[in-house]
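Student: So that we are looking at the same thing, I have put the structure below in structure tokens.
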């Protein structure tokens, strides 16, 4: 018991040390008034494996109407088209004006939860919303604030902001409403402004995109479900095999038991009895014979005695014979 406690304590210490290696990125408030969403580009982040990011659904304010959003993890082509019609992956829904709550993303390569998010280094991942900030437009699957206000997050996992310039992911021309947000430099996890090192912009197709990451995410889940299904099938087959084997063994045991019962003698031998007279034969034996199954039973039996040679008896009993017949030989 003491050893188990020490092991649990060691595991807890290791977990805290591993958790301390990552850092908490600056939370992102999902609101149209957030100046971090740059017009035509969105918000670019450079998280590392082990980091955490909180997306905040703010509490409603009486001075302005509450904004309703449904956030999705999307592929690059979905982000460019501002469309979540095909294969939507919902992360969080901001639809409770009475309270503020957070959705935490932990950037980890392997998730202990089979429905958890998994990330790979040097790949891009995308978050956006196609809602239009109203309750009626919460379920919109096209356009929305992704198109009008560039409310999207580009997460470049394990990448250096000074080595790779952020791509200009312009989907469509933003509306005039979005122009009043102003253009502010995007800050990475090192709290430094993202600068263009002077390299020419390259095509998005030449770089790792979130499509592979999201596809890998779904493929890993499919593999887990397939493995679970295969294990269940194998387990069921083993159970069926054991049940069939048990039934066969029980049938065989019953068959042997019936054969042994049928092989029992139909008569009972009495003890040999010696006569008190001196002139009587020493091999006098009284044998009671009784039929058990049928009224007519031809029977051949060998009887051994302690006072002479073996005696063989052949009997044929008609149906009207009494139950017990005694022969003196």
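Cβ from N, Cα, C; glycine included.
Quick paste from Swiss-Prot:
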SIGNAL    1-20  signal peptide
DOMAIN    23-157  domain 'Ephrin RBD'
DISULFID  57-94  disulfide bond
DISULFID  82-146  disulfide bond
CARBOHYD  132  N-linked glycosylation site
REGION    163-192  region 'Disordered'
CARBOHYD  203  N-linked glycosylation site
TRANSMEM  227-247  transmembrane segment
TOPO_DOM  248-329  topological domain 'Cytoplasmic'
Student: Among 57, 94, 132, these being the recorded positions, pick the one whose CA is nearest to that of residue 146 (disulfide bond).
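Tutor: So, spelling it out, the nearest of the recorded positions is 132.
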Student: Taking the Cβ of residue 57 (disulfide bond) as reference, which residues of that chain separated by at least 6 in sequence fall under 8 Å from it?
Tutor: 30, 69, 92, 94, 96, 100, 101, 102, 103
Student: For each of 82, 94, 146, count the other CB atoms within 10 A of its CB; which of these disulfide-bonded residues has the top count?
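Tutor: That would be 146, with the highest Cβ count within 10 Å.
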Student: Rounded to a whole angstrom, what is the C-alpha distance between residue 82 (disulfide bond) and residue 132 (N-linked glycosylation site)?
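Tutor: So the alpha carbons of residue 82 (disulfide bond) and residue 132 (N-linked glycosylation site) sit roughly 12 Å from each other.
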Student: Counting only residues 6+ apart in the same chain, whose Cβ is under 8 Å from the Cβ of residue 132 (N-linked glycosylation site)?
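Tutor: Non-local contacts for residue 132 (N-linked glycosylation site): 140, 143, 144, 145, 148.
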Student: Indicate whether residue 146 (disulfide bond) is helix, strand or coil by DSSP.
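Tutor: Its secondary structure by DSSP: helix.
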